[in-house]
Amino acid sequence: MDELWRKRLFGGGSLKEVSKWTGLVAAIWVQAFAGNSAAYANYSSKLKSVLSLTQVQLNYLALCKDLGENVGILAGLVCNKVPPWVILLVAALEGFLGFGSLWLVASGTIDPRPLWQMCIAIFVGGNSTTWFNTAVLVTCMRNFPKSRGTIVGFLKGFVGLSGAIFMQIFFSLLDKNAVHLLLFLAVGPTLLCLLCMGFIRPVKTSPAGASYAEVEEEQKQFRIIYIICIALAIYLFVAAFLDQFVTNQSVSLIVVIVMFLFLVAPSFVPMKALMRVLVSKEVRKNNASTDDPLRQPSEISGEKKSTVHDERAALEEADNKVNLRGPRVLEVEEEDAEVLLALGEGAVKRKKRRPRRGEDFKLKQALIKADYWLLFLTFFCGVGSAITAMDNLSQLGQAQGYTDVSIFVLLSCIWGFLGRLGGGFLSEHFIRSTATPRSFWIGAAQALMIVAHLLFAFALPLTLYPAASIVGLCQGIQIAVTVPTISEIFGLRHFGILYNFIILADPIGSLLFSTLLAGNLYDYEVFKEYGTASTDVSCTGAHCFCLTFLIMAAVCLVGVVVSIILTVRLKPVYVTLYGNPDQTNASYSSLPSGASYTSLPSVNASSSSLPPAQFLFPRVPSTSTLSDSDLH
């Protein structure tokens with residue numbers, strides 16, 4: 001049987017597979033340099049001094065950065081109307097213009113501009129991220145529809161890891177110069193995007209779904225990428241600590257070169273796919289040349305047809321024995337046979353029904369669903385409180401006596417990457433094994449993040465290291481889990497706009513928690529300590545952020561409760577989509593097999609202008625009928 005699956009893989013190899021994997025690797029490279037907001041803590045102090053900003057004013061700048069990073073409504077609207085390379089081109093131009101403007105001011109090339117102009121510049125630069133995300137997420141999730149959690153883990157993971165990548169470049173190549181970092185953010189991601197955008201394109205997938213051998217082969221390639229990703233994260237973690245003690249420029253250059261080799265390593269996967277295509281062509285060529293020329297063509301053709309038929313039957317039998325556990329399309333129709341017969345004769349008209357969970361929703365249809373708002377609320381509580389910590393990480397470090405907070409930024413980025421990677425893997429594993437809703441992991445991450453907020457609040461010695469790591473980890477898990485949840489409950493067709501609306505929770509949380517709450521409380525503590533809120537002084541001590549993060553811990557607790565409610569509501573849906581196929585009336589294929597249907601006699605259409613029609617109905621066992629409560 002293994003030989004048969006090997007033949008299927010070789011015989012089915014095509015350039016489409018190569019294109020699909022090449023697009024994923026190109027998307028990983030783009031995402032690895034798309035998370036420009038993660039480097040904010042490294043240049044925020046420079047902007048604060050050049051522009052003479054208070055902490056509240058600096059937090060307004062951070063708010064605009066967060067707004068730009070998450071306001072992607074326009075990108076979501078156009079993603080179904082233009083090819084991905086157009087969206088990527090817009091992203092590249094925005095990044096160049098936005099961070100290029102910040103560099104001009106920070107370097108002294110032009111005079112400091114008013115705060116509102118700087119807010120526009122950082123908004124435009126940050127907005128490039130959402131165009132990057134929309135292009136690669138929509139394209140790759142459609143190319144790998146049965147592995148959405150894994151794909152989101154990779155792509156969103158590298159966005160989180162980009163902060164660590166920028167940090168390594170900041171340490172090793174830019175000599176910790178914030179001005180040079182802004183120039184790199186303007187030029188580097190732009191050039192990389194222009195090089196890669198031609199490879200990121202949609203690839204048509206088979207409507208009949210993948211075979212067991214194909215799914216196994218796909219999972220093998222994913223495991224290779226997982227190993228490379230984890231190795232890269234560990235390497236960056238070790239390299240960050242070495243940078244604290246090693247100042248030799250040659251060593252730093254070697255560190256960066258090895259990092260780039262890790263980034264190039266995933267290209268092994270599409271190269272392997274290309275080799276399979278070349279091998280399959282060679283195998284077919286050799287088989288054709290070994291046919292006996294003395295035999296009659298009809299005899300040879302008959303034997304080949306018989307062999308192909310036998311192999312196909314064996315493969316189908318093998319596939320049927322294995323539960324692929326992918327998302328399934330329901331075959332149950334709610335109408336009676338009489339209603340469908342009347343519809344066929346034109347006697348009645350079908351009333352258009354609203355989509356059910358798991359089908360394709362438009363934004364206006366999703367906005368009237370409680371599940372959509374519950375998902376929005378729990379995402380708001382988790383990511384809003386996390387972004388408060390991330391935006392104020394520099395000031396948190398200063399309050400606890402650290403002069404260089406780069407290591408904390410790096411820790412949050414690396415653990416954020418592992419959270420995205422692990423969140424995608426865990427949710428994908430448990431969703432296939434136990435049909436556990438992904439929202440369960442959102443609540444689990446927020447419960448853990450309460451611990452981090454308490455560590456920030458009480459500011460005990462050395463607790464900033466685990467606190468920054470936990471926040472990065474939990475933020476990564478929530479992002480990796482929320483994205484595929486949107487596509488599974490509300491469909492892939494309008495995923496771009498649905499996703500970009502949900503992530504508006506991030507800048508709203510930044511406005512309420514970071515700018516209005518944390519900024520004002522921080523300035524109040526500075527005023528109590530020094531009698532002034534001057535930009536030349538900083539607050540020191542645990543009291544600077546104590547109340548802020550006690551409130552953030554309470555917000556996360558609310559998020560945990562909301563996620564529990566959402567998980568209970570979604571459990572029947574996930575059982576329907578991912579449960580045991582022997583217990584649910586569903587199939588893995590979007591095109592059910594003919595054996596699933598019962599043929600009814602033709603309808604006499606003598607009284608109608610319509611031609612006679614024949615109807616096919618699913619055979620539905622009475623014990624497997626789904627109730628409306630499982631679908632609504």
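Each position is counted from 1, following the chain as shown.
Every residue, even glycine, has its Cβ placed from backbone N, Cα and C.
So that you can see what the record holds, here are the features copied from TrEMBL:
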- 20-271: domain 'Nodulin-like' (DOMAIN)
- 361-571: domain 'NFD4 C-terminal' (DOMAIN)
- 288-308: region 'Disordered' (REGION)
- 85-106: transmembrane segment (TRANSMEM)
- 151-174: transmembrane segment (TRANSMEM)
- 180-203: transmembrane segment (TRANSMEM)
- 224-242: transmembrane segment (TRANSMEM)
- 254-275: transmembrane segment (TRANSMEM)
- 372-390: transmembrane segment (TRANSMEM)
- 405-427: transmembrane segment (TRANSMEM)
- 439-458: transmembrane segment (TRANSMEM)
- 464-486: transmembrane segment (TRANSMEM)
- 498-522: transmembrane segment (TRANSMEM)
- 542-568: transmembrane segment (TRANSMEM)
Check your understanding: Can we call the transmembrane segment (180-203) and the transmembrane segment (254-275) in contact, meaning three or more C-beta pairs below 8 angstroms at a sequence separation of 6+?
Key -> no
Revision key, fill the gap. Confidence over the domain 'NFD4 C-terminal' (361-571), expressed as mean pLDDT on the 0 to 100 scale, is 87
Point to revise | Distant-in-sequence neighbours of the transmembrane segment (224-242), which means Cβ under 8 A and at least six residues beyond its ends | key: 28, 154, 157-158, 161, 164-165, 167-168, 171, 251, 255, 258-259, 262-263, 265-266, 268-269, 407, 410-411, 414, 417-418, 421, 425
